[in-house]
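Take a look at the structure set out below.
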Amino acid sequence: MGKRLFGTDGLRGQVNIYPMTADVALRLGLAAGTHFRNGNRRHRVVIGKDTRLSGYVFESALTAGLCAAGMDVYLVGPLPTPAIAFLTRNMRADLGVVISASHNPFMDNGIKFFDKDGFKLPDEMENKITDMVLDPDWQWDYPAPERVGRAAKIEDSPGRYIVYLKNSFPAHLTLDGMRVVLDCANGANYKVAPLALEELGAEVIKIGTEPNGLNINHQCGSLYPGVAAGKVLETRADVGLALDGDADRLIVVDEKGTVLDGDQIMALCADDMLRRGALRNNTLVATVMSNMALEVYMKERGCKLLRTPVGDRYVVEAMRREGANLGGEQSGHLIFMDHGTTGDGLMAALQILRIMRERDRPLSELAGQLQLFPQELINVHVERKIPFEQCQPVLDGVAKVEAELGDRGRVLLRYSGTEAVCRVMVEGEDPEQVKRLASLLAETVQKHLR
């Protein structure tokens, strides 16, 4: 039909405004169930969510649609997105569903799917599901009454996920004596993350672990790393860890209160894996948003940085294609393919804590190897996402900025896959020049793409 429901990270929008409505979710459950039902055996679906109040609405609607399509539904409650990917594999399910809008505020929600192997669905599969949802005349292939699905709650899911996480941490190591500030954004990891770290021996100072359905990501979590940074300095902690609402991304704070983004974390992990001979094909996969300094850093070590479009699903696709086992995004999505299939904030945190413990050095020293180029990112609200090549003034503006930067900088324009926003990014060596050029280009975009 040509229309799309899904962005770079599933379906997302404001609750009770199309397409984030109960009736769309019901049809989405029917469509997904129809698509994944194969043969006469019982089919299984795992559904998890974050802590948003509206999660109950979409959990019920999806469950109704999936059961009507003949799928047995297992409800695991509030759990991180990567936990659903793991449980889908672990429980031999045919499909995993996450109800979350990630780092967005509580009034938004979203729906994304994982296949039986724990990977996000490719575009072509999402498009097939979309066609069924959007076609009002679609003839549903309902199963016989005795073949409709059942729904059941699974109570031990958090424990399964914790065991899985701890299995990625060396058995001979503990976190005894380590003080960790942990900000869970009042989101999906509010129970699991503190418990996992405490079981490994850490002293955990908690932030954002009291969700009420409305406070997810509210002035806490990975979008507000200053909160964790302040607590690190106040408590003299060894490290600060800030997760987002569905806990698939991580921002880290060192013992001096310095915030480290995904690029700096990837550099640290790549260096560690190189030292251990574990970086497969000497390749790190990142997106077009990653800092130029990361590319230089990898080249200096005889390694390759492979860039993809923005979205951890595209990073994962490239990792699978290239045989890489480390990838991520500047925003804090980090994928360790030896352990998981998608971005996992707590898994990434455990890898960093392991490096700190094994090297017995403060994080500021370990992560200080990567000196980032100045980078300015401006989000410009747009009403319509017109292809850039159809707007000559914007193309002229980009060319002008690129000419001034020369080969010591770069420009990137891209539309958000989840918001009505055009992201304007300028990078170079001179911070004042970078800031000035980004502002000029953002003004051009705002004027001609509104």
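Cβ atoms here come from the backbone N, Cα and C positions, even for glycine.
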Record-annotated Mg(2+) site (Swiss-Prot): member among S102, S157, S331, S364 besides D244, D246, D248: S102
Other CB atoms, at most 10 A from the CB of D246 (Mg(2+) binding site): 36
Mg(2+) site, defined by S102, D244, D246, D248: further same-chain residues with Cβ within 8 Å of the Cβ centre: D50, P80, T81, S100, H103, G187, A188, L243, G245, A247, R249, G343, G345
Residues near S102 (active site, phosphoserine intermediate) in space but at least six apart in sequence (CB under 8 A): D9, R12, T81, G110, D244, G245, D246, D248, R249, T418
